[in-house]
Amino acid sequence: MSPPKENVSLLFKLYCLTVMTLVAATYTVALRYTRTVETELYFSTTAVCITEIIKLFLSVGILAKETGSLARLITSLKENVFGSPTELLKLSVPSLVYALQNNMAFVALSNLDAAVYQVTYQLKIPCTALCTVLMLNRTLSKLQWFSVFMLCGGVTLVQWKPAQATKVQVEQNPWLGFGAIAVAVLCSGFAGVYFEKVLKSSDTSLWVRNIQMYLSGIVVTLFGVYMSDGAQVLEKGFFYGYTYYVWFVIFLASVGGLYTSVVVKYTDNIMKGFSAAAAIVLSTVASVILFGLQITVTFSLGALLVCISIYLYGLPRQDTTKIQPSETKSSKERLATV
């Protein structure tokens, strides 16, 4: 999955763009289906936990291929994982935040239409922008800040008169859905920038970092299962309500998680912007077909503004593949820099 050199080719970037777009759009629609159409709801906390376990095994497998032999793999794990408690603790921060974000995504999609969720979730861009300025010593151009406000306007239009679904079999609470989205957005902004800073601040293998994060992630999500659904899981079973569709959602979440780390390591905002915009279009079209989603003029205008703002925000003014050196500017000065 990862390229042999730090200088990634255009072909590899296009490959990541295609996979990310398809996975994001398919995941949104499939997750919504499992949470609103099926009668026996599975425990979302167990699904998040299983996702972390699968991502861990996939990362170990890719690291094994990267190291070239079982002996080197064991040595790498001993030195960088089991022999580095400080690094494990450092990567437990995004694990905790990502686990909360994933659970909030389940709550949001249980109470919002797929297209509304996908567009509203783009609020992670202004949140990420602020975290990038404050945590990575970067600045944003006038065009990028303009795109942030344009995005907020688009999202406001989407929320002003949400599209309605006509084939949902469970009662939904839009306010709970938007509240869950708000928490997920904050988690995404902070955890994404924090993980980027950790990845680009050292030469440690991406897959070693992933293993460190997923180990703590498993612990965190298991705790979440116990706290949220412990009694019901003991009564009904860990895999209660699991169907082929649920396993498909878990698979998509696992693959999406790995590609997210690859994108953070090797690519830039342009790729993520195009991917997010394309995923909005695809999931909206799928929702019209699968859930009878009624697209209004207000919703369409908001979605259009979001797509334009995502594109504008992805026009970087500087090299974003490396951490910028610390400057003497204050946080307020960096926020005002154009």
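Note that Cβ sites are derived from N, Cα and C of the backbone, with glycine treated the same way.
Per TrEMBL, the features are as follows:
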type	residues	note
TRANSMEM	12-30	transmembrane segment
TRANSMEM	42-64	transmembrane segment
TRANSMEM	143-160	transmembrane segment
TRANSMEM	175-195	transmembrane segment
TRANSMEM	207-227	transmembrane segment
TRANSMEM	239-262	transmembrane segment
TRANSMEM	274-293	transmembrane segment
TRANSMEM	299-315	transmembrane segment
For the transmembrane segment (207-227), out of 12-30, 42-64, 299-315, most C-beta pairs under 8 A are with 42-64
Residues outside the transmembrane segment (239-262) whose C-beta sits under 8 Å from one of its C-beta atoms, at least 6 past its ends, are 1-2, 16, 19-20, 23-24, 26-27, 30-31, 33-34, 38, 40-43, 46-48, 50-51, 54-55, 58-59, 102, 195, 199, 206, 209-210, 232-233
Quick tally over 12-30, 175-195, 274-293 of CB pairs under 8 Å to the transmembrane segment (299-315) gives the top stretch as 274-293
